[in-house]
Every structure is written in structure tokens, then in C-alpha cells.
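Peer 1: Can you keep this structure in mind? I'll have questions shortly.
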Number of protein chains: 6
Amino acid sequence: MRPSGRAPDQMRPISITPNFTRHAEGSVLIAFGDTRVLVTASVEERVPPFLRGKGEGWVTAEYGMLPRATHTRGNREAAKGKQSGRTQEIQRLIGRSLRAVTDLKLLGERQITLDCDVLQADGGTRTAAISGAWVALRMAVDGLMQSGKLTVDPIQQKIAAVSCGIYEGTPVLDLDYPEDSAAHADGNFVILEDGRFAEVQATAEGACYDEEALLRLLRLARMGCTEIFRAQAEALR
Amino acid sequence: MRPSGRAPDQMRPISITPNFTRHAEGSVLIAFGDTRVLVTASVEERVPPFLRGKGEGWVTAEYGMLPRATHTRGNREAAKGKQSGRTQEIQRLIGRSLRAVTDLKLLGERQITLDCDVLQADGGTRTAAISGAWVALRMAVDGLMQSGKLTVDPIQQKIAAVSCGIYEGTPVLDLDYPEDSAAHADGNFVILEDGRFAEVQATAEGACYDEEALLRLLRLARMGCTEIFRAQAEALR
Amino acid sequence: MRPSGRAPDQMRPISITPNFTRHAEGSVLIAFGDTRVLVTASVEERVPPFLRGKGEGWVTAEYGMLPRATHTRGNREAAKGKQSGRTQEIQRLIGRSLRAVTDLKLLGERQITLDCDVLQADGGTRTAAISGAWVALRMAVDGLMQSGKLTVDPIQQKIAAVSCGIYEGTPVLDLDYPEDSAAHADGNFVILEDGRFAEVQATAEGACYDEEALLRLLRLARMGCTEIFRAQAEALR
Amino acid sequence: MRPSGRAPDQMRPISITPNFTRHAEGSVLIAFGDTRVLVTASVEERVPPFLRGKGEGWVTAEYGMLPRATHTRGNREAAKGKQSGRTQEIQRLIGRSLRAVTDLKLLGERQITLDCDVLQADGGTRTAAISGAWVALRMAVDGLMQSGKLTVDPIQQKIAAVSCGIYEGTPVLDLDYPEDSAAHADGNFVILEDGRFAEVQATAEGACYDEEALLRLLRLARMGCTEIFRAQAEALR
Amino acid sequence: MRPSGRAPDQMRPISITPNFTRHAEGSVLIAFGDTRVLVTASVEERVPPFLRGKGEGWVTAEYGMLPRATHTRGNREAAKGKQSGRTQEIQRLIGRSLRAVTDLKLLGERQITLDCDVLQADGGTRTAAISGAWVALRMAVDGLMQSGKLTVDPIQQKIAAVSCGIYEGTPVLDLDYPEDSAAHADGNFVILEDGRFAEVQATAEGACYDEEALLRLLRLARMGCTEIFRAQAEALR
Amino acid sequence: MRPSGRAPDQMRPISITPNFTRHAEGSVLIAFGDTRVLVTASVEERVPPFLRGKGEGWVTAEYGMLPRATHTRGNREAAKGKQSGRTQEIQRLIGRSLRAVTDLKLLGERQITLDCDVLQADGGTRTAAISGAWVALRMAVDGLMQSGKLTVDPIQQKIAAVSCGIYEGTPVLDLDYPEDSAAHADGNFVILEDGRFAEVQATAEGACYDEEALLRLLRLARMGCTEIFRAQAEALR
């Protein structure tokens, strides 16, 4: 039995609120249950130094967690003077996932930055961030197309992400915090609408897992992403 | 005429949403018009090293602005590796203001940290932060009293803050961003319910001001704080 | 009775020694009693990036305190690897105050940096720094005019600064360290020769203050600045 | 055809030189072809603060690359003043992998740090590091057992790691640098001797991959690890 | 001919002003010509962690240069966030030199920190710092003895330092800035009153030097230190 | 009697392995007994900002020590976020020594960086680094000449370095770690093949030394360097 009473293949309620803030070219508040992440997409008409003059664009992400998004207060990274390894790992994953569905040549020499800030955390912040970031990116690119700055759409696929893990011996979908901290293995899966993978990361936490278990996690993840794709589509309608 | 069409002594709509997030001992989302600040109060049963063993508590604040809270994206302070002078100045002001109304001896050896994170900025973020922080602090202390950890209330006064400035020659209340960037002088006023001041900061930006102008700003600030006190009371009901 | 035996409206002896060091374009050692600050003005024929190509100049300040300027040794900020919030707040105030009396367009595309280093501290270091910085700036601009690099004087006003506070219930002028650490409220006032303000900062430390008290502090500050203006004029003769 | 002429399921020559340096409790130089990583295991009779007094040990890793381990010189992280996101991600992976096969309770209140320094890089540095780190850890634990500090072996499994990827449409084992920079997808697989996984990380680089491709990569990885287990055993003989 | 017109074995005028500031346990302003360094000695009744509980004291030094001590303004190290290699090298030399004449056991578990801040630079700042630091240290130790905290003098020798170099082919004593920047070789010599050396550092700058040249520099340095010992004695009278 | 049983004027065995790694333009592993330093020379066709457009090149060095090169593990400088004063002092010495024998004008607008990483430490790491760096530099310059990028050899001299010290009253050559930590004085000597000095640094550690002792150290150092020059020549054959 899951602490929340959910079935093993049951997602938490997903909500995606578009235009949660007004300055950014794309902005959503995405919630997977009590996990809430504010994502903004910022378009800048310049690229990082390593891309200058190459006629290509860049999509990147930054991730942060408010100090009291969690049960006990964490130190503010700006005050500590550096981002943790965890933060860097997550923001690299988000950026890589979105670049996997973007044709950077078609984007032209501009950069889109996805800022993913966790207002409240209850497990799955990085997968909520990726799922919300795709919507914010979509909104920003739609704006570029409406304004005529882009004529061909550089976004090639829909993408979503969800975590799954083995909790008390059972593979379950969309871990919340109590499950996440007790799971024997957990993974993050970044999936296209056609079922292919952009990223699979599955980590043993206390007990290694076999191929069969991995395949069950993959299947759960695909089920979860189907729901997320639906929520993304609704938010963009 | 103000860009927003407001009268010189007219505040923007104030809204204070309590319990915007769920983990913190106190939490509000405060809005002065389009300025929106998430404030959480975190209680920790330990004090900073300089206070250990003195039987006194501490109230402190940290301030941050999400990178795309503003019209153009700013760098993330955690990524730059340091907090700007502006950030430090603001968080020192917030902490000092709340300590001005708290009896630290009555608080006992514990620390309350007010995290003020700007989700959207349109002028007046530091005064909104102070005004919201008082509510979050109130909620956290109420919790300590309900749980019996405190028996005498250490909060001695209500406090609120607002900015005023001289815009196109006219003293106006509660500057929004277009006014703030064009004002000849602006000030931040932290005021008790009985009209006394915890802090007055008035700065010339382009034109120095005389005592009469300062007095008019003080009067506007008192009017504004009256409205904020009302909104605080409603949020706590 | 003040610890020093001074009358409430009595400044400490002011001394301003011009040309205390020889490499800078302007250099003074300013003393308010035992507070001694070395200020140099450095002219550079370039402006910070945000001003390049705009035909305008910049005036800025940096502030530091030697580790043993104080009663007990403080850590060296260069060794700690960062400037404290207090340091940043002070150097921002000094720079802002001097820009308030300088026409940056008339200055042309050059930068003048005021380095204010406290050799010995006994309260009021920031106001001594501002008062001395104006003299150093004046010397540097005089040099630019004598060399023909400037033909119209960009300095539009004289400016001075002093601290005042409420010590044992009495408003007093020019707080020294024993007063500063015991005052119920203290303020820093940056004032033009015609009596107008560039900056008013008044902070409650233990007891909030009313408008009447603020007005008395303003009046004391004006009296103090009159003496400082005299000392500045003598130093420049 | 692979640039090196290897068959798709062919590892590069593996060599593991034990006792490459003499001060550490465990030390190996591991080579996968031209990739060479020096790994040392250091035993310290203390644990990090979060574990103090809990009767448990800790295994952790640090990773570095000499500036000229690569084709063009990279900046030295010590000189830049921070470790890159890539470095942090890799050292977190190494530490997690070794903890997956260590019973931290049996280890007792001591820490073993695996320092993995890349002397020469040609693809696969993180997997070579994990594979070598297991040997260094084994040597260090053997020393603790020989000296009587441990009586029950805390290492529960053998572990090895290898990278695989899809190069010009073909899944291949043990990517070298030319393959790694051109692969459409690549993954790192950390595997126990019984075939179970401690970690699977598979990332699309230019083309997303389906489940069948992932399964083929898993199979190749198991084949590679079989060879690494053999080399580990020989090094320890 | 030297730029200053001095003879090859002629020091610049030396002046040592004791008690230049009042808070420190020892304080001097030392000048070698236009080079002026403020040195304070601070006594603290605690030692660094590596010495705790060993019954020994510590003598250490920190060095800084005000941004406009030099002909053109240098960046402030506190603002840059780190001390340069040159700064660290110099402060290590100063500390080592003073420890060479102090019996740390006799000093007891306390630390004396010598802060050497260059107010004006014209070559030879590190040797002026060492020479002045000895006087400040002497003053601080005298205070400890007068107050009864020490009964046996831990300072075992007098020490002074001077720079020499080969300028236009001629070995000269006490390089000023124009000589220093053009010298083919220069050295810093830290010398006891009995003629023995605590430190010899001689560096080729453009032309390597032979043993005979080194010996001539040593002889000049001894002559210079004789004068410095005289000035130290006078300052302490 | 020396701990190693060596005669006072006896070097440890010297070995220099060229081409220890393959990517760098020059690469050696140099060993003085158990001290082993990997040195690479990297050629880059650009110079640091202060030299741009001056038609001159630059030779510089960086130094690092692997965390477990020593008896007990040291912290990784990249993880601490800064290089120690010792590291900076050593890398400045290495760079200066190599520039002393290089005609930077003849080198042209390119930079050669010598990375010296200590794999195993047993005293004398900085002198081994200099001695090895000269070989790596020689190899890199030979490559530039063979490729026709240089036609005139910019290396003007051979250079080597060795440490000497006074151990139990006797001057000895090439201190190993047990001697180094107990020596009363030690020095590092950087010497040309014709016997002249690029750098002499001799430091008292517990007992100051007289001129005669210094001269004996110089003589020992010359003897040691003769052997090093022989090993360098062999490595380059």
C-alpha cells in the first residue's frame, strides 16, 4: 500500500497553470500533487560564446529550490555562494532533455533559458520541471512564430518526464517524498510522445535491480507520461 | 498623472494569501499590484553562534528574486556565486525591521528566518516583503504559542512598509516600476501601527529634496501603511 | 551627559589633511575625532560596460576597514573572499551621494573611483568617508580642469554627511563608538550646502522614533554639516 | 566500422596496475585503452558530520582530470575556483556506485575516499574510474581486515562499469573519444557480477532511442563487465 | 647613476612612527622613502586549530595594499574575492620571518597577528613591512610583559629586512620603484642583528647572476639592515 | 647519518620518462626517488590579455598535488574552491624559472603552459617539477621548430633545480620528506648549466644560518644539478 493510498500505476493530480507570471515569454506553474514548480522561458537574442557566429541557437535550464520548499529549511544557494552537485545535475538534465526535441539550427542565433524554481517540494521536482519546461518553451516559441521571428517550428517533439521506483518491493509510478526517501531504487524517465526515450536514469538505493524490474519501471513511466502529455495539451489550448 | 492612472495617495490593490505553501511555520503570498512576493517563516530551535547560551532568540531574513521576475532576465545569484549588494541591503533591512517589533528575550533560544522570494517584480518588492514577513512571523509565533512552546507573545507591535517618491515633481505613494525608474527621489518607510518609524530611508535620484518634501512622503507612507495594516489583519482572520 | 563630555550639538574636532598620499589624483586623510579615513580619488579614462559609448561618466566608491581599525581585530575581507553586507551598503551609499552632486554628462566618458579606507574607527566612518570623498573628488576634478581635459565643472554642489542619534533619550550630533553602540536610534544624513538632502537614513535600534525626533535629528545634522563644509573649504584653500 | 577497427562488442584492452602509488591504503592505475585513471583509496577514522555517532561508515569519491589529459588543455578546476557540473555529477555517480555494494554499518565509523584522477582521457573515464575504484576499495578493506580493524567484510558484491552507445546506427561497447563525440546515444552502466544493475544512465545525443536499443546496450554492457571483472580479479591476485 | 641620485649603498630615509593608531597592542607607520606601510600587532588569547592544546603560540601576518597605493589603481582584493599569489607569498614571508625570532613555546597559547597595509608604495613594501612588524611585535610583547601575562621574553632576536638588486649592472641597496621595475635581478634579505639570515630570496629578472653578485647583494643588505636596526631602536625608545 | 643512508652530497635516483602521456606537446614523468611529478607542456596560439599584440609569447606554470600523493590525504583544492598560498608560490616559482631561460620575443605570440601534477610526494616536488618542466618545454619547442612554426630556438639555457638544507647540523643535498620536515634550514636553488642562478631561496626553519652555510648549500646544489642536467639530456636523446 502506498502512503498516499494511490494504486501502483496512479499519478498524482497534474495541474499546469499557464501565464502564472507575466514578464517571461513563457510561464507555467506545474503541480504534480504537492510538488509545485514555477517555470519561465526567457528568450534572448544572443547565444553563449561557444556558439557565436555559427547560426545556431541554444536551449538551457537553471534549477533552484526556495529554502523552505521542503520540510526543513535548506540553506539558500545564493548565500552559500555555490550551487550543489544535485542542483547542477538536475539543471543539466533539464537542458539536455529540451535540446533533445529542439532543432537548434532552426531556432537561429538566440537562446531560450528555462528557469525552474521549486516553490514546494514533495518528490519528483525534476520531472515536473521538465514537463512544465516543455510547455513554457512551447509558449515562447509560439511567440517567436507569431511575431514572425521564426517561420519554421524548431520544436520537433513533445516531451514529458516522470519518476518511478521500487517501493516496498513494488514498482510504482510518480514517487512522492515519503516513497522517494524509502524506495529501494528510483529512476527518472524522459519520454517522447511516440514512446522513445531521451533519458533513462535508474539508480539503486539499497538494493540493486534486475532487467525485468527496469522494464516494469519503463512501462509505468510511459503510462504516466501519457497523462502528462494530456495535461500539457490542455494547458496550451 | 501617474502612468497607472492612480491618484498620488492611492496604493495599488493589496492582497495577502496565507498558507500559500504548506511546509513552513508561516507562509504568505503578498501582492502590491503586480509585485508578488512569497514569504515563509521557518522556526529553528537553535540560534546563530554569537547568541548561543544567552537565552535570546533571533529573527533574520533572506531575500531573493527569481531570475525572470523582471522584464528582462537577470542572472541567478546562486549561479554567479554571490549575492549582490542590493540583495544584501534589502535582506538586512527586512531583518532589522522585524527585530524592531520583536522581543528577542521573550522569543527564547530559537531563530525565525523570513525567506522573501520575489516571484514577480513591479516596484516596491522590499516593502511588500516586510509587510508580508510580518504576517508570516505572526503565523509562526501563533504556532509556537498554540503548541505551548511560548506563553508570552514576543511580537510587540504591528509593522508595515511602503515606498513613496517624487514623480514628475509630485510626491506619490507606492511607486510601481515605471515610476520607480523615473522618480527624482524615492524612499522606503517602515512604520508601526502607532505611526512611529522603525526605518526611514529617502534617497535623491537626480534631484535632492528639502524637508517639506520629506514630510509629505512621510505622510503618504502613513496613509499607505494604514491600508496594509488592514490587509494584514484580514489575512490573519 | 555624553561619554565624551560633549554638548548634544557638538561635533568632534574635524581635520582634513589634503595630499596625504601622492599617487592619487585626489587624496585626503579626514578625521572626525578618533575616526580616521584615508580617501583617494582615482581618475580612469574609461567607464564601466553599461555606460560605454553613451558619452557619460561615472563616480563610484569602495570602502574598506583595516582589520585592526577597531577595538578587536576583525577578519580581513580579502582573506574571507567576500565583502560583508555592511561594506557593500556603505560603499553604495558613498557612491550614490557623490553622484547626487555630479553632472555625469559633463564629466565625460571617464570614471572617478573614491577609495575610502578606515585606518582607525570610532563611529561615523561612513559619514567621514562621504565628507572626505567630496574633497578628494573636488581635487581630482580640479586637476582635470587645470589640465584642460574638462572645461565646465561637473560638480554642482558641496556635500557633507554626519550621523546623529538618540542617546539616552537625547538627540545628539556626531555619534562616537560608545554612543553608537548604545543609541536607541541612529541616522546618517547626507546634506547639500543649501540644506537639501541627498540621503536620509534613520534606523531604530531598540526603540522606534516619532516624527518630532526625526526632525530634531535633521536639525542637528544640518548644524554638523555646516562645520564640515567649513573644514572642507579650508582643506581646499 | 568503428574508428578503432574494433568489433561492436569488443572492449579496448583493460589493464589494472595495483600499488601504482605507495602512500594510499589502496591504489591502482586502470587503463581502458588510452584512458588512464589513477585511483587511490584513503581510509580515515572519522565520518562526515551527518553520520557522527551513528555507528556507520561512509564511502565517497572525488574525481578530477589533469588539465592536459585531453586533446586540448582545459582549465584547472582548482584555479577556476569551482568544480564543473560534469565533475560533480561524475563523482556523485562513483560514490553512489560503491556504496551500492558496501554495507556501511559493517564498515564502522570510518570513511573511505576514492580519489579518481584522470591522467589521460580517451572516452569512458567515469566507467574506468568506477571499475578501478572497486579494486582500490577492495585493497583498502583487505588492509583493514588484515590489521584486525574489521572482522566481517563490508563489501558485498563485485561491481564494474562500462559505457555503450549507438554509433552510426550500431550499438557498440566501450566508446572511445571519437565514438563518444559522434554517438547518437550513449549510456553508462554500473553492473554487479550477478548481472543486476546499480545504475543505468542512457542519454540521447541527437536521436532518441527505443526500448529495443536500450536492451541491446544493456546486453553489451554485461559482456564488457564480464571482462572487467576478470581484470579486477587478476589485479587482486 | 641611480634615478634618485643615491649612492649604490645608500638607503632611502627610514622613519618609524610608533602608535600611529591606537586600538592595536602594537602599531607603527614605517616609511622607506615614499614607501609607507601601516603595521599593527593584535594579540588574541587563542591559537589556530592545529595548535590547540599544545601549549604553544603563533605569530602570523596578513598583507594588503590599498587600491591607490600605486601609480595606477589596482583592483581591491576584497572586491575580487581573492588574494593574489603575490599577496599570499608576501604574507607568508612576513609571518615566517617573525616566527624565526620568536620562541612560540614561551609565547604561550596566544596568537599575534601582524597586519601590514601599504598606504603608499614605491618599492620594497615587503621588506619595510617585516622591519616595521618587528617593532609592532616588540610593542605587543612588551605590553604582555608589563601586564604580567608573560614573564620571560619570547622574542629572541632583532630582525630587519631590505631589498637589493642589480640595476644597470651595479648592485644597489634598497630598490625604489623605478629601479625595481628595471633591475636585472633583485632579492629580499631578512637578517638578524648578528648578521645571520632568516631568509634569502634572490631572483633573476632578465639576467641570471653568479655567486659573486649574490655575495655583493648580501653585503649591501647587511649594511642596510644596520641602519634599520638603528631606526627600530629609536622608535622603541 | 641521513634517514635514507645517503651521503650528504648524494642525490636520490633521478628518472625522467618522456612521453608519459600522449596528448600534450611535451610530457614527462620525473622522479627524484619516491617523488613523482607528471609534467605536460601545452602550446596555445594565443597569449594572456596583458601581452596581446606585443609580438611576444609567454611561458607559465600550474602546480597541483593529487589529494593522496602524501602520507595523509589532503583536501582537493578544486573542491575547496581555492589554491593554497603554497601552491601559488610554487607555480609562480616554476613559471619564473622557465621564463628566465626563454626569449619570449623569439617564442612569438603563443603561450606554453607547464602543468606540474604531483602523483606521489616525498620532498622536493617543486624542484623536480622545474627540472621536468624544462624537458617538457624543450620537447614542445622542438615540435614547434620541426613543424616550421619557429625557426630560431627561443630556449637559451638549460635549467635545473634542487633542494638542499641543513639536517642535524650538516648541509645535505636533495632533501626527502623525513629530512625536509626536520631540517633547520632549507633552500631551493634554480641553476643554469654554466653555474649561474635563476633563483636562490633559503629559509631558516628553527635556526638562522650564516653566509658560510649558505655557500655550502649553493655548492651542493650545483653538484646535484649536474646530475639532473645529465638525466635531462638522456631523456631527450
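Cβ coordinates come from backbone N, Cα and C, glycine included.
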Peer 1: In TrEMBL, A:Gly124, A:Thr125, A:Arg126 are given as binding phosphate, so which of A:Arg76, A:Arg86, A:Arg99 is in that site too?
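Peer 2: Among the candidates, TrEMBL records only A:Arg86 at this phosphate site.
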Peer 1: Give, as a single whole number between 0 and 100, the mean pLDDT over the domain 'Exoribonuclease phosphorolytic' (A:159-222).
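Peer 2: On average, pLDDT over the domain 'Exoribonuclease phosphorolytic' (A:159-222) sits at 96.
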Peer 1: Measure the Cβ-based neighbour count of A:Arg126 (phosphate binding site), defined as the other Cβ atoms within 10 Å of its Cβ.
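Peer 2: The Cβ of A:Arg126 (phosphate binding site) has 24 Cβ neighbours within 10 Å.
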Peer 1: Where the record says A:Arg86, A:Gly124, A:Thr125, A:Arg126 bind phosphate, what is the longest distance in Å from one Cα to another among those residues?
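Peer 2: Farthest-apart Cα atoms in A:Arg86, A:Gly124, A:Thr125, A:Arg126 are separated by 13 Å.
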Peer 1: Would you find the one among the binding-site residues A:Arg86, A:Gly124, A:Thr125 whose Cβ has the most company, meaning other Cβ atoms within 10 Å?
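Peer 2: Comparing the binding-site residues A:Arg86, A:Gly124, A:Thr125, the most crowded Cβ belongs to A:Gly124.
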Peer 1: Can you tell me whether DSSP puts A:Thr125 (phosphate binding site) in helix, strand or coil?
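Peer 2: Where A:Thr125 (phosphate binding site) sits, the three-state DSSP reduction gives helix.
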Peer 1: Can you name every residue in this chain, apart from A:Arg86, A:Gly124, A:Thr125, A:Arg126, with its Cβ inside 8 Å of the center of the Cβ atoms of the recorded phosphate site?
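Peer 2: These residues sit around the phosphate site: A:Tyr63, A:Ile90, A:Val118, A:Ala121, A:Gly123, A:Thr127, A:Ala128, A:Ala129, A:Ser163, A:Asn188.
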